[in-house]
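Copied straight from Swiss-Prot:
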ACT_SITE  174  active site, proton acceptor
BINDING   34, 35, 36, 37, 223  substrate binding site
BINDING   124, 125, 126, 127, 128, 129, 130  ATP binding site
BINDING   130, 162  Mg(2+) binding site
SITE      28  site 'Transition state stabilizer'
């Protein structure tokens, strides 16, 4: 039974009438452009065929009832006429409540909803299960009540909910790609203007995500340190963000900067340039150049931004040794563990899976998780 069938069946069973709509919003993987988003730079993610699915129907009152199929059918119920506050014990409820609360501040022309939620985006793997949930909930209200909100506004609403209601400081990329993803395409996103450009993916190429299953510990504190170092760099150049600094300007005065800050700045500037070039390499179907850019990105994250760990580097090396110049591989996400992403010709996927299975656990003592994905459509009815 797929997620649509599962949520529709549970909806009818619990609520006693059929759902009128089923909505999906996908998770995502970032192909290149790491730690560039909060520097007003460029990112190149694609939506993946793992998603949050919600079967739903409008109510004729002001109550919102929610069932979380993946949490033993836990229930949340709240009124649109009372202040929406955080739930004491159910963290998943806060994503739903936060989205609804922030929607009310944007456009209050909606009533109650019944919904059943289920998803298969792996949690804690850096594939944006939370953004997928936020965008799915926003799309439910937009579709059921014909709200005049576009995908970018639904994405911004989700980001606001996560920043202000849930209390997690995230950029806009995850929600934007979940809302605006396009089948068989990646999306070049300008994180300053929120402008997007669809980039077609070469035919016969698989998007492979491998979770190192190395438990991330430093990610919060180190992430904040990196942001501060980038802001220090921007101040040195008297610019609002590193987006506004050229590599030439940096190279001319790099020796005057604190050496650690200089390394951080060099990563962001070079990564921005790589990301824009990667979009054009992908569009031309030049997988060899894309592979070189991904390798440079990984080396920059490892040596200049210093956010990889030995387990991640090992995983990247195993994949690279298997695919040679026929594809690309790099760490993806915030760093200090998490996942790697690889673009691999479909006929090489079994060889990569076998090499990783034989070598990674033997070298690190940890068993990986392997996902083969397709670039998928953003949020909407399913």
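Each residue, glycine too, has its Cβ placed from N, Cα and C.
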Nearest by CA distance to residue 127 (ATP binding site): which of the recorded positions is it, out of 28, 34, 35, 223?
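Looking at Cα distances from residue 127 (ATP binding site), the smallest one goes to 28.
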Provide the number of Cβ atoms within 10 Å of the Cβ of residue 124 (ATP binding site), excluding the reference atom itself.
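12, counting other Cβ atoms within 10 Å of residue 124 (ATP binding site).
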Listing them in sequence order, which of the binding-site residues 35, 36, 37 have their Cα within 10 Å of that of residue 128 (ATP binding site)?
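Checking each Cα against residue 128 (ATP binding site), there are no hits.
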Indicate the candidate from 34, 37, 162, 174 with the smallest number of other Cβ atoms within 10 Å of its Cβ, considering only these recorded positions.
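Comparing Cβ neighbours within 10 Å for the recorded positions 34, 37, 162, 174, 37 has the fewest.
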Where residue 35 (substrate binding site) and residue 28 (site 'Transition state stabilizer') are concerned, what is their Cα separation in Å, rounded?
16
Assuming the binding residues for substrate are exactly those in the record, 34, 35, 36, 37, 223, what is the maximum CA-CA distance in angstrom, rounded?
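Taking every pair of listed residues, the largest Cα separation comes to 13 Å.
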To the nearest Å, how far is the Cα of residue 130 (ATP binding site) from the Cα of residue 28 (site 'Transition state stabilizer')?
11
Suppose the ATP site is 124, 125, 126, 127, 128, 129, 130. Which further residues of the same chain have a Cβ inside 8 angstroms of that site's Cβ centroid?
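For the ATP site the neighbour list reads 27, 121, 122, 123.
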Looking at Cβ-Cβ distances, which residues of the chain lie under 8 angstroms from residue 126 (ATP binding site) while being 6 or more apart from it?
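Once residues fewer than 6 apart are set aside, residue 126 (ATP binding site) is near 332, 333, 334, 338, 339.
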Around the substrate site formed by 34, 35, 36, 37, 223, which additional residues qualify by having Cβ within 8 Å of the site's Cβ center?
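My list of surrounding residues reads 33, 38, 39, 43, 171, 226, 268, 271, 334.
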Quick one: among the recorded positions 28, 35, which has the most Cβ atoms sitting within 10 Å of its own Cβ?
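Answer by Cβ density within 10 Å: 28.
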If we check Cα distances from residue 174 (active site, proton acceptor), which of the binding-site residues 34, 36, 37, 223 wins as closest?
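Closest by Cα distance to residue 174 (active site, proton acceptor) among the binding-site residues 34, 36, 37, 223: 37.
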Could you list the residues of the same chain, at least six apart in sequence, whose Cβ is under 8 A from the Cβ of residue 36 (substrate binding site)?
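Within the chain, residue 36 (substrate binding site) has Cβ neighbours under 8 Å at 42, 43, 191, 268, 271, 272, 275.
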When a 10 Å sphere is centred on the Cβ of residue 130 (ATP binding site), how many other Cβ atoms does it contain?
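Other Cβ atoms found within 10 Å: 24.
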Looking only at C-alpha atoms, tell me how far residue 124 (ATP binding site) is from residue 162 (Mg(2+) binding site), rounded to the nearest Å.
15
